[in-house]
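What TrEMBL lists as ATP binding site is Arg21, Tyr28, Glu40, Glu88, Lys106, Asp107. If you look up TrEMBL, you'll see Arg21, Glu81, Ser110 marked as substrate binding site. According to TrEMBL, the feature divalent metal cation binding site maps to Glu40, Glu88. According to TrEMBL, the feature transmembrane segment maps to 41-62, 68-87, 108-130. Taken from TrEMBL, the feature active site, proton acceptor applies to Glu81.
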Amino acid sequence: MFCEIVMNQSSPYKGKQGLKRIINATGYSISGFKIAFKQEAAFRQIIFLNLILLPINLSLSLRPSEHAILFAVGLIAVIVELFNSAIEAAIDRISLDRHELSKNAKDMGSAAQCVALIMIALTWTIILFWA
């Protein structure tokens with residue numbers, strides 16, 4: 001019964017449906033990219049890294065699946081940085097005071113990005129030297 005109640009409740013903040021929702025969501029996504037690029041040095045660095053790796057990837061004689069994997073791991077780092085930046089923004093919105101839980105949340109977001117960057121390095125190394 002609880003699940004039915006929760007599932008039937010709609011947020012008053014929910015917007016349009018159908019095509020209008022898709023158009024609005026696209027606008028929000030573009031806005032998010034612009035904000036991240038303008039305000040987050042780490043996001044710009046990840047984009048720069050991908051802009052360097054993309055032509056290198058395309059110039060290599062690899063199977064299409066290997067090209068796709070190398071491209072995908074770069075995009076994963078972009079996704080992780082967007083989440084990391086969103087976590088940091090939400091924490092800072094709540095309070096700029098130092099708090100252990102805020103620090104923990106930010107540190108875990110940073111750790112996720114570290115894992116994504118390690119994944120890029122390992123994937124490139126494996127495909128270039130062991131595949």
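From the backbone N, Cα and C atoms, a Cβ is placed for every residue, glycine too.
Since we're looking at a predicted model, the values are computed, not measured.
Separation of the C-alpha atoms of Glu81 (substrate binding site) and Glu88 (ATP binding site): 10 Å, rounded to the nearest whole number.
When the binding-site residues Glu40, Lys106, Asp107 are compared by the number of other C-beta atoms lying within 10 angstroms of their own C-beta, Asp107 comes out lowest. The two recorded residues, Ser110 (substrate binding site) and Glu88 (ATP binding site), have Cα atoms 10 Å apart.
Around Tyr28 (ATP binding site), taking its Cβ as the centre, 11 other Cβ atoms fall within 10 Å, counting all chains.
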